[in-house]
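**Q** What TrEMBL lists as signal peptide is 1-22. Feature annotation from TrEMBL assigns domain 'Thioredoxin' to 19-202. Residues annotated as disulfide bond in TrEMBL: Cys77-Cys81. Feature annotation from TrEMBL assigns Cu cation binding site to Cys77, Cys81, His167.
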Amino acid sequence: MLRVTGLLMVLLIALAAGLLSAQQNQPARLLQQDGLVLFPRPLPVSDFAFVDEHGATAARSDLQGRWQLLFFGYTYCPDICPMTLTHLNRSWQRLTPGQQQQLGVAMVSVDPQRDTPESLHLYMDYFNPEFRALTGNQAALQTLATELHAVYNRVERPDGQAYLMDHSANLAILDPQGRYRGYISPPHDPERLVPLLKLLLDGAAG
């Protein structure tokens, strides 16, 4: 009888611990269901020497100190990039000033042949002057894309018009230490994105 009672007590304690753990992990599961994927452990990101929208050298260390949303795109993008930046700007406007200070947004141009610092500056300034743009040589871009689980490739058009660049649409998340923490999959409309960003900035990512 004592053995049965002891076993029952162990089972009750285990059940209570499981319920407590489930409640504590609820936000993480909800975020993942909403398109936010956070890795169990941050992944390293190699240092790089890119050029920003002002023509200055930008390294990985320049992105440290706050959370960053990085996405791959280019100024000649006909649809995904303008839509993403529009959604990001509208989402940004719904954050508090304190939350805005905790979050950086940058587009990594996969089209350095056409995207000069001047064109990147005009492009990003149109959507939000606080957003940054980075680009570099193809080797450096490919390294970063691989580390952030992104893909892109050049597509020649049969009609002879300017080429296009196919690219991933995820938002890569870098933590304040410059590590790859996870990503947010599309769609990136503010109604979906703002709650995810607030939870992330409020410490839901741990």
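Please read every residue number as a count from 1 along the shown chain.
Including glycine, each Cβ sits where the backbone N, Cα and C put it.
Note that the coordinates shown come from a computational prediction; the quantities given were computed from them, not determined experimentally.
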**Q** Would you list the other residues of this chain near Cu cation - those whose C-beta lies within 8 angstroms of the C-beta centroid of Cys77, Cys81, His167 - in sequence order?
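**A** In sequence order, the nearby non-listed residues are Phe72, Gly73, Tyr74, Asp79, Ile80, Thr84, Val110, Met165.
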**Q** For Cys77 (disulfide bond) and His167 (Cu cation binding site), what Cα-Cα distance in Å is obtained after rounding to a whole number?
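**A** With the alpha carbons as reference points, the distance is 10 Å.
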**Q** Round to the nearest Å and give the CA-to-CA distance linking His167 (Cu cation binding site) with Cys81 (disulfide bond).
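**A** If we compare the Cα positions of His167 (Cu cation binding site) and Cys81 (disulfide bond), the gap is 10 Å.
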**Q** Averaging the per-residue pLDDT over the domain 'Thioredoxin' (19-202), what integer do you get?
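**A** Looking only at the domain 'Thioredoxin' (19-202), pLDDT averages out to 92.
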**Q** Long-range neighbours only, meaning 6 or more apart in sequence with Cβ under 8 Å: which ones does Cys81 (disulfide bond) have?
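**A** Set apart from Cys81 (disulfide bond) by at least 6 residues yet with Cβ under 8 Å, we have Gly73, Tyr74, Thr75, Met107.
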**Q** Relative to the Cβ position of His167 (Cu cation binding site), how many further Cβ atoms are located within 10 Å?
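**A** There are 22 of them.
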